[in-house]
Structure formats: C-alpha cells, structure tokens
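According to TrEMBL:
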| type | residues | note |
| --- | --- | --- |
| REPEAT | 468-501 | repeat 'TPR' |
| REGION | 505-546 | region 'Disordered' |
| COMPBIAS | 505-519 | compositional bias 'Basic and acidic residues' |
| COMPBIAS | 521-546 | compositional bias 'Acidic residues' |
C-alpha cells in the first residue's frame, strides 16, 4: 500500500490536522476499494480519519466516521477483538490519540462521547459513555462522565464519578472544585486521598502529610461553596504565603472579593494577575464587570481589545464585550451574551430571571441570589423575591448582604418599610462598614421624609469612604431639603471621583436649574426662554406662551 497509517499518525503528532484529514481520505479510499482488506484495518483507518476530523473540530463528521469504524469492529474475527481489548492499559483514551497496534472499542465510544460533549449534546454523550463498563473507564473517561452527569443535573451520579477521579489521582483540581460546589464536605473530599495508590512506594498518609497545602485548598473551596467567604479568603491568603504570585489562587481570591463587594481589592488582584500573565482569559469577564462598575472605560476598552486579540471565541470575551457594548449599543450587547445583570439593566427582568436561575442551579452564591431578588422585584414578583431572599438568609445566616436582600424586598412595598428598616439596621450591626445597607437605609429615611436622619447616617461614611455613589446620595438629600450649596459640593465631589457618573451629571444639571430659579422638571424648550432679568422670578405661564 502506498499510504501507511504511520504517515497520518506522524501528521497528527505534528498537529497538521488538515493534511492528516486529506491523507486520511486517500487511506480510507484505498482500503475500501480493496476487497481483501481486513475489517480491522478498515476500522483502524477510519479511526485515524476520525481523529483528524476531531482535531479540526469537525465533530459531526468525526462522529459519523467513528461510528463507521465501530460497524467494522462488529465483524472483526473474535480472536482479534479479544486481543485488542487486552491493550486497554497501554492505550491513551484521549480523543486525539491513536495506537495502530489494536482497536479498543471503549476508546472509540469515548471519542464519540467527546464529540457530542463538544457539541453540547449531553444526553447523546452520556448514552455513549454508559456503554463503557465502569471497570474499563480511565481517569479521563470518569472526569468526562462526571461533567456530563452534572450538566444534566444528575448530581448524585456526578459526585460518584468525581469521587472516582480523586481515588485515582488526588490532584484532579476540577474534581475538587466540583465536589465542593456540589456540597460535599471538605473532610469527605480529603478522605478520598488516602484511597489513592502511589507508585512511589510511600504510604497514602505520608503523601498527604507532605501535601498539607492540598487540604487547605480543599477547605478553601468548600468555604467559598458554602458561602463562608471570609473563611475562604483567609485560606487563600495562607496558600499565597506558601505559593506567592500563584495566578490560580490570585484569581480565586479576586473572584470571591468581587462576590462580597470588595471591588477595589478584586481589581487590584485582577491587575496583578494580568501583570503576571497578560494572555490569561479566565475570569476576565468578572474583571470587566468590575471596571464597568467603576466607570473605568479606558481600562475596560483596553481589556476587551486585548481579549479579542487573544481568543475571540471564548465566552469570557463575549461577556466582556457585552459589558463594554452595553454602554454603547444595547442591542449589540444582547446579540453577544444574555448575562443576567446585562438583561436586568436592559429592563428585561423576565429573561434575566432565567439566566440567574441557571447560575443559581450551578452555584447558589450571593450574586445569584441578588440577581434573582432584583429581577423578581423589577417585574413586581414580590412573593418570589422574598422567597429567594429568605433562602439566601438561610444559606448565609451571618451575611449582612443576605439580610439587606430581605430588607430590599420589604422596602419595595410601603407597608413593609418598617420591616425593611429593621433588616437594614441588623445588617449594619452585623457589618458596620457595609456601605450598601447604609445607602438603602438612607433611601428609606428619605422616602419617609426623614431627610435629617439620612444626612446624619451618610455623613458618618463620608470620612472613611471615597465613593461617588455616596456623594450623589448626599447631594440628592441636600437638594431635596433646599440645601443647594451642600448639594453642589457633593455632586462635584462625586464627579471628581468618577467623571463618568451619569447620576451626578444629571443631578448637577438639575441643581444648576434650581439655583437659577428654573423648574428642573420643566421641558427643555423652556430653558431657551429664561427671563433676562435675574432679579425677577420667571413666570412659567409667560414662558409657555412664548
């Protein structure tokens, strides 16, 4: 034969997928034209062609080709099939690997399942994987099966598969994180390490004792998964002392800081990560959201530009682009990603609820609860909002932010304002520096006409918080009580901190009209007809006639 399998295997080894695919067509054609070619050789050639298609992300064609190979496997003489199965331990189960010496049908099924998984066809992928006997599954197969079960919400089976991964190798970090997120206790995860057999000759306990850091990592992930964010941050800080500038731990730290509202600290850690690895994409969507929250569009523009030049196909890039485009073109943002917060800001709370529910199902953290509550409130589903807020409070009994959520629901109804006040005050007792609860309580004071109480409360935070939203709120309260000079001072302070603050810009415009004696709510066309004599009060009726 002019074409050998080794030539295609060499091309695949050198990642020359297109050439391997074209040569594979010649190989398959030459063997199918020869009636004397054995079924095993035909199957092997088809598997090589399938591998080249898989590498080129032509998953549909790869599935079709692999299934053709399995059809030939069914007619391979029994003795060949039996000997092929004995090669399980010497074969890699990667979809991109191939050993020409034998065919393992389980590996071909795994490759088909991997294609279905890449196409997000979870049910079909699971059907293929379930055809592989449990004893024949490799570590890679167990991990894929765990992910598929989790994606299909079969959490009990997913936990069993993730456990199996850690029994084979305690360093499967994906399995550790997944088990923590699925609610498995840290001690139960760590106990799996002692069930691992080691080729080094050391006992499992000796191995674990030398890797205390791994136990700390498990404990940190379990803390975060159970909403004990303070405990998680402390453990991540301990790990950073042993592994300085560890990009993964810095990212995990920044993510938790973002969740609990420590935006400045999170931004510092994200920037540190970017300085260490400017080509990293993981969690950069979170960083983009933080930058937008700070109205730092210069950095946001640069971040999105950098991400697009690295890999424009990653979902994090879509979200970052959406965050940037939300400010410029709302429809353009929607065409890229339906992220809950963006949908909520676009006044599509019904769709935002679906997004937040999905996030909640995968991981019930503070942000998913906040998204659900605010989305429900946006279209007057008070009962559902209260249920979500109470669920958050139950999951995080020591969280001031969960208490504030319940307060937010009560504050949405005039009959619940007294309850809201109690929850906001409880949140501030639990966490005196919680600025969000202070703002909410101040807003409640204003709604009920207690402007003096609102000013007293907010002035206590001005000394310690350089926050533009604080100054905007103070300015609004002062303007409502006709203390215009104080209002002007705080609007200007807000714009010094954040020149892009739209609320401060609009508030300042209204204030300038008030200071000129013009009704700030009057139509803009009236502004052109201001009375030239500044000592006279403007006559609105006359202005309208003009």
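Using the three backbone atoms N, Cα and C, a Cβ is placed for every residue, glycine included.
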Segment confidence, the repeat 'TPR' (468-501), expressed as mean pLDDT: 89
Helix, strand and coil totals (DSSP H, G, I; E, B; other) for the compositional bias 'Basic and acidic residues' (505-519): 11 helix, 0 strand, 4 coil
Tally of DSSP helical, extended and coil residues in the repeat 'TPR' (468-501): 27 helix, 0 strand, 7 coil
